[in-house]
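Okay, so here's the structure we're looking at.
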Amino acid sequence: MVSYILSIDQGTTSTRVIIFDPLGHPITTAQKTMEQSFPKDGWVEHDPHEIWSTTLALCQQALKQAHLKGESIIGIGITNQRETTIVWDKLTGKAIYPAIVWQDRRTADYCQSLKEAGYEQQVLSKTGLLIDPYFSATKLRWILDNVPNARTKACKGELLFGTVDSFLLWNLTGGQSHYTDATNAARTMLFNIHEQSWDNDLLALFDIPEALLPTVLDCAAEFGHTQNGMFDCQIPILGIAGDQQSALIGQACFNEGMVKSTYGTGCFMIKNTGTEPVISKNRLLTTIAYRLQGKTTYALEGSIFVAGATVQWLRDGLKLFANTSDAELIAESTPDTRGVYLVPAFTGLGAPYWDPKARGAIFGLTRDTGIQEIVTAGLESVCYQTCDLLLAMQEDSASPLTTLRVDGGMAINNWLMQFLADILNITVERPVTNETTALGVAWLVTLQANIYQSLDEIASHWSLQRCFTPVIAEDKRQQLYNGWLKAVERVCLTQ
Ligand SMILES: Nc1ncnc2c1ncn2[C@@H]1O[C@H](COP(=O)(O)OP(=O)(O)O)[C@@H](O)[C@H]1O
Ligand SMILES: O=P(O)(O)OC[C@H](O)CO
């Protein structure tokens with residue numbers, strides 16, 4: 001009997017469940033869009049119980065679609081939007097507040113006060129992260145300080161904290177497992193990435209009771225079994241990784257120096273830096289790529305908060321086109337944006353600027369600017385932001401980067417991928433399986449289930465679908481990118 005792997009990919013815009021065969025071929029996909037809530041300027045929330053009920057329903061739907069019974073699944077893998085913070089009641093399982101999403105900026109002033117008080121170096125040296133509302137610690141502190149009785153209950157051990165992986169795991173196991181993996185822990189700003197443990201100094205700084213926190217395991221581990229009755233048999237959960245690290249695994253970037261960029265709601269470029277953490281001189285993050293059998297591989301990461309979300313805004317907010325795929329047709333028929341730049345700093349700017357107070361803008365408008373130029377500028381902004389990251393990464397690297405592996409919802413846009421190759425001036429490679437995020441945790445499950453014994457075996461399954469090489473003239477490239485730098489300068493407020 002062939003065994004399959006069920007991957008849960010709980011992303012910012014949608015939840016997907018994909019069943020893979022052991023060769024990494026997707027057999028079936030069940031997907032549902034997530035409800036987004038923006039209660040105030042800079043606030044972004046999700047409903048944790050929608051996250052859970054949708055995930056469970058999609059797991060059941062995927063099994064049904066594939067005509068599979070639970071016994072055919074060797075293991076479940078969970079990959080998730082990272083940093084998003086959930087606190088729930090240990091007894092009832094009810095979240096005490098909506099999930100505060102990674103994009104949420106409500107703690108910007110508190111973060112600024114920490115920077116002014118001189119905590120940046122301490123936080124960076126322990127966690128590899130820059131102080132920013134992006135990470136979980138200040139969101140968790142906000143919940144404890146703002147939800148009535150939360151802090152008292154947390155101190156009594158009545159509440160649990162988790163990123164989305166932990167919350168899903170806890171629910172899948174019927175409250176038996178309160179675990180996370182090292183990649184998700186590394187994004188909380190509470191985890192010491194060198195010692196691989198929750199850091200007491202940081203818990204004190206952010207005033208977080210340790211009783212709230214999950215136990216941190218390797219990415220491939222025995223995370224528990226699904227609760228009786230949930231499926232027709234109990235299924236083990238054998239892999240967990242944050243979605244960007246999972247995509248790195250799905251892209252088989254296992255050698256030091258390999259880089260991938262995932263284009264979903266945001267864009268995240270990650271470079272495998274091997275077994276030693278590298279501290280960036282250019283405000284990139286040092287993070288955990290994966291931890292297997294107790295051995296940590298580190299990474300440098302550039303995080304852009306708004307990539308595909310720009311396309312959603314152009315479509316749903318401005319109603320400039322009806323379908324996401326129209327963006328590509330519009331850009332294809334637009335020879336030039338004629339100096340129009342869209343800076344999508346809707347929730348501030350991430351790497352390498354880290355300006356939580358910056359806000360979006362469109363520059364260079366003239367009387368003949370139309371929908372075409374604005375839509376094309378929106379797509380181009382994703383490539384310019386990637387270029388910001390690439391240049392930062394180049395400066396931090398001993399060797400120049402020559403190839404970028406791409407994936408995520410936006411990577412199917414051929415026009416965008418060609419413009420990306422042009423602006424970055426490197427080769428852009430798109431794999432056959434675009435669902436690399438879900439694939440990454442599927443590979444983790446196969447490792448834990450002993451289907452594969454090594455990362456090399458997994459890497460042999462990666463295959464190229466299409467390669468994009470730069471064709472633009474160098475002076476044109478420089479001129480376009482310089483225009484972007486000027487536009488960004490005009491939206492930055494903090495620096
Ligand atoms: N053809 C396309 N051109 C441009 N953007 C696209 C295209 N298809 C999807 N997107 C964008 O990709 C994002 C969805 O990618 P996905 O990887 O599913 O995101 P997430 O994991 O963040 O939920 C959406 O923001 C959508 O606007
Ligand atoms: O949901 P995505 O794919 O945009 O990824 C979100 C990231 O994990 C946030 O750090």
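Here the Cβ of each residue, glycine as well, is placed from N, Cα and C on the backbone.
For T12, T13, S14, T265, G308, Q312, G409, the entry in TrEMBL reads ATP binding site. Marked as ADP binding site by TrEMBL: T12, R16, T265, G308, G409, N413. Per TrEMBL, sn-glycerol 3-phosphate binding site is recorded for T12, R82, E83, Y134, D243. Annotation source TrEMBL lists glycerol binding site at R82, E83, Y134, D243, Q244. The domain 'Carbohydrate kinase FGGY N-terminal' annotation in TrEMBL covers 4-250. Feature annotation from TrEMBL assigns domain 'Carbohydrate kinase FGGY C-terminal' to 261-444.
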Seminar exercise, completed: Running the binding-site residues R82, Y134, G409 through a 10 angstrom C-alpha radius around Q244 (glycerol binding site) leaves R82
For this session: Identify which of the following binding-site residues, namely R82, Y134, Q244, G308, place a Cβ less than 6 Å away from any atom of ligand 1, and list them by sequence position.
Result: G308
For this session: Sort the binding-site residues E83, Y134, D243, N413 by C-alpha distance from T265 (ATP binding site) and give me just the closest.
Result: D243
Exercise. Counting distance between Cα atoms, which of the binding-site residues R82, Y134, D243, N413 is nearest G308 (ATP binding site)?
Worked result: N413
Exercise. Under a threshold of 6 Å between Cβ and any atom of ligand 2, which of the binding-site residues S14, Y134, G308, Q312, N413 are retained?
Worked result: none
Problem set entry | DSSP state at E83 (sn-glycerol 3-phosphate binding site), helix/strand/coil | coil
Problem set entry | Neighbour count (Cβ, 10 Å) for N413 (ADP binding site) | 22
For this session: Among R16, R82, Y134, these being the binding-site residues, pick the one whose CA is nearest to that of G409 (ATP binding site).
Result: R16
